[in-house]
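Here is what TrEMBL says about this protein:
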type	residues	note
REPEAT	1-80	repeat 'Solcar'
REPEAT	93-191	repeat 'Solcar'
REPEAT	200-287	repeat 'Solcar'
TRANSMEM	201-220	transmembrane segment
Amino acid sequence: MDFVAGAIGGGLSTAVGYPLDTVKVRIQTERHYRGIWHCVKETYRTEKVWGFYKGVSASVLMVSGISSVSFGTYKNSLCTICKLRYGAADAKPSKLDVSLAGGAAGAVRVVLMTPSEVAKVRMQTQRNPHPSVTSPQPVSKPKYQGSLHCLKVIAKEEGFGGLYKGCSALLCRDCASSAIYFLTYSALCDWLTPAGKNKPGFLAVLLSGGFAGVLAWGLATPMDVIKSRMQTDESDQHKYRGLIHCARESVRREGAKVLFKGLGLNCIRAFPVNMVVFVTYEAVLRLTDHYTK
């Protein structure tokens, strides 16, 4: 049931946070934006509301599946670790156990999500003005006509490796942030749950999920910037030779502050998105428990 609950929570959270994710990706990969509000205004002026939702349909479907696997992997890894260490799958795990299970969930996510992340970033950074925006120049046909078409074009032009661009940065980002994410959520839930109760209340889940997301994304932002830049590097550009080269070149050209582009947006987006994830996840599990008893 953890897989189903994770899928529903992941899909809903993506729909909630997608517009801010688009703004975040554009700020991280393009230098001409003067800030968050400038990016929002320019995107709306040229592409209207749809500009904030490019690639959202495939992203919702993919994140649902990936979130399902992530939560399922976390729960099963935690049970396996507890069984090996304490002899019982339902034994109370230590903070190290939770971190290890979270890191395992992050690693599994990367294998599944990298192609969809590449397509999402390419779609989000692609420029195709809204028909209502008057322009003296004829509007050219966009290179990517949808998420699936984007994946086909990348595979054709860049090969299988093109679908896994930024995988190294994503692995560094997700293993560490996922460990912090689940550890923070677990620790806050324990702290906010009154003595004598074995499950956290609705408000405790909301706050724990929100703060877990903020902390995880705060720590993940530098690798998120590198990941986005590597994934926008198309076959005819070859700007970056790998993770270290991308980080070095980005810092050389724009200073160390480039690694924290989108930090504020990541944290703002993370709170409501992860509140939705964990509240939905817990609600589905409790509803299932109620009807199966």
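Just so it is clear, glycine is given a Cβ too, placed from its N, Cα and C backbone atoms.
Residue counts for the repeat 'Solcar' (1-80) under DSSP, split into helix (H, G, I), strand (E, B) and coil, are 70 helix, 0 strand, 10 coil.
The average pLDDT for the repeat 'Solcar' (1-80) in the predicted structure is 79.
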